[in-house]
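Here is what TrEMBL records for this protein:
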- B:48-441: domain 'Ammonium transporter AmtB-like' (DOMAIN)
- B:1-34: signal peptide (SIGNAL)
- B:47-67: transmembrane segment (TRANSMEM)
- B:88-106: transmembrane segment (TRANSMEM)
- B:126-146: transmembrane segment (TRANSMEM)
- B:158-179: transmembrane segment (TRANSMEM)
- B:191-212: transmembrane segment (TRANSMEM)
- B:233-250: transmembrane segment (TRANSMEM)
- B:262-287: transmembrane segment (TRANSMEM)
- B:294-313: transmembrane segment (TRANSMEM)
- B:319-338: transmembrane segment (TRANSMEM)
- B:350-369: transmembrane segment (TRANSMEM)
- B:389-414: transmembrane segment (TRANSMEM)
Amino acid sequence: MKLITAIIQPEKLPDVKQALFDVDVHKMTVSNVIGAGQQKGYTENYRGVVSEVNLLKKVRIEIAVNDNFVDKTVEAVIKGARTGKIGDGKIFITDLKECIRIRTKETGKDAIG
Amino acid sequence: MRIWQGIFKKRSMRLGLLALAALTASGAADPAVAGENLADIARSVDLVWMLLGGFLVFWMQAGFALVESGFTRAKNAVNIIAKNLMDFALGCPFYFIIGYGLMFGADKLGLIGTSNFALNGVTDMWDIGFFFFQAMFAATAATIVSGAMAERTQFKAYLFYTVFISAFIYPVVGHWIWGGGWLAEKGFLDFAGSTVVHSVGGWAALTGAIFLGPRIGKYTPDGRSKAIPGHNIPLAALGVFILWFGWFGFNGGSTIAATNWNISLVLVTTTLAAAAGTCGALFYSWIRFGKPDIAMALNGALAGLVSITAPAYDVSAVSSLIIGLIGGVLVVAAVEFIDKVLHVDDPVGAVSVHAVCGVWGTIALGLFAESQYGNGVSGLFFGGGLSQLLVQLEGIIVVAVWTIAASAAVFTVAKYLIGLRASREEELKGLDITEHGQEAYAGFEIFSNE
């Protein structure tokens, strides 16, 4: 079992969701986060004064999958989120020790799927 | 203290002098002089009433700005406000330079006015006040469109369009109906502008929304409609209350005379129709969707108001309840039809409220008018036969065709000259950041990922 954590551009969320749905990945947790990467920041204009914004709005998607779903999921995220520009984001994959479904107390493979 | 007393004394002395002057005038041997003075006072009261109406109609700009920003997403709120501000600020000077002359200048063939451009040659203070009043109405027609085109239009293109509706599209219709043009000659009646103002705005809104296409994510590939909820219902509600309040000037002011006591009837019919429209939309949406939908009920209030705008002067209070109620039900049905069947994406329901109910209100005059009121005409239900109704229908159709054709031409030019629709990236990021470089709620961490 793996936990896939993807940090993407907020406006790419609809595309990533669609790409994930296309490969039958429907379960995910999405949160709004702020952070800084290579993109560094952007500028806002307020009443003639430029202000630098360093921490950017990003979206974090967390998906727990069985091993045979890892590649598909990663490919789908890339397909949906990639523009080729700096700021497209990152994907982290970590080992997942256990997964328990609260309702049924199922564990492991059954709980994720 | 002593200073105050001094002022008070001076004041009362001046008042005394005035009273004396009035007494000598009215009590004087010459009754003609007295009559003239009374006529002057009456005309002054009329002028104040007309100007007051103008103030209230101006305040409707605030209502539109709030309704439209409340019913759309936070990431586009700055853009909506910018459009509402600029369609007035840009439209008003163009209406002054070109529009007013086309609308109320010397008639040519019943089609357009040909004088009074930039108030050239207009010296009478009554006429100048009348321009002020009319400029507020022109701004209302223009601002209706921004809601239907919300969240996906290039700002430049919207500014381009708003010049044309204020300078040209609206004033031409205005001349036909209010400026002594051919529809007025035929007996077409539209008291405060169900057709002149609201239908023109509504048809232009429909044309704009069709030209733009739906917002990204509005329809699924298999053609299902998805809700894109507005970000602030309290703001939208405040906007509706402001519009309702402003409508007392829109309809009430349209007598253009405080000495015309039909104002009372106009205000009663306006209020009752708005209330009935709200009820109609709320209860119909409750039955239809299982929950009392307050966003629909807010549209229902506006639907009632638009519906009564044409017949307010000519129908009984009871009729106004029926007209408003039908308008309220109609707006919910129209929102559903336009969204789910026509697949035209109108984020705030502007087409349903202003075009559909504008048409209904104009027809309603031909049905419910009673000769004992204002214009002295009777509709179909009160022994007037079909004649008034047919004239109303003719006006509705001609105005729809003209407005759709003219605004389609403007949008086509805008499309190829400057580009009408924002890019996919701009739309997804939100027009606030991409067009204006600003956020509506800076520091509140409003995320925009839909």
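Just so it is clear, glycine is given a Cβ too, placed from its N, Cα and C backbone atoms.
A quick note: this is a predicted structure, and the numbers were derived from the prediction, not measured.
Counted as Cβ pairs under 8 Å, contacts with the transmembrane segment (B:389-414) are highest for B:158-179 among B:47-67, B:158-179, B:319-338, B:350-369. B:126-146 is the stretch from B:126-146, B:262-287, B:294-313, B:319-338, B:350-369 with the greatest number of Cβ pairs below 8 Å to the transmembrane segment (B:88-106).
Residues 268-270, 272-282, 284-285, 288, 296, 299-300, 302-304, 306-308, 311-312, 344, 346, 349, 351-353, 356-357, 360-361, 364, 368, 370 of the same chain, all 6+ positions outside the transmembrane segment (B:319-338), place their C-beta atoms under 8 angstroms from a C-beta of that stretch. Across B:126-146, B:158-179, B:233-250, stretch B:126-146 shows the highest tally of CB pairs under 8 A with the transmembrane segment (B:350-369). Counting same-chain residues at least six beyond the ends of the transmembrane segment (B:158-179), those with a Cβ under 8 angstroms from any Cβ of the stretch are 83, 86-87, 90-92, 94-95, 97-105, 107, 110-113, 134, 137-139, 141-142, 145-146, 149, 188, 190, 195-197, 200-201, 204, 208, 395, 398-399, 402-403, 406-407, 410-411, 413-414, 417-418. Sequence-distant contacts of the transmembrane segment (B:126-146) (same chain, at least 6 residues past either end, Cβ-Cβ under 8 Å): 43, 47, 50-51, 53-54, 57-58, 60-61, 64, 68, 80, 83-84, 87-88, 91-92, 95-96, 99-100, 103-104, 119, 158, 161-162, 165-166, 170-171, 174, 193, 196-198, 200-202, 204-205, 208, 250, 253, 256, 350, 354.
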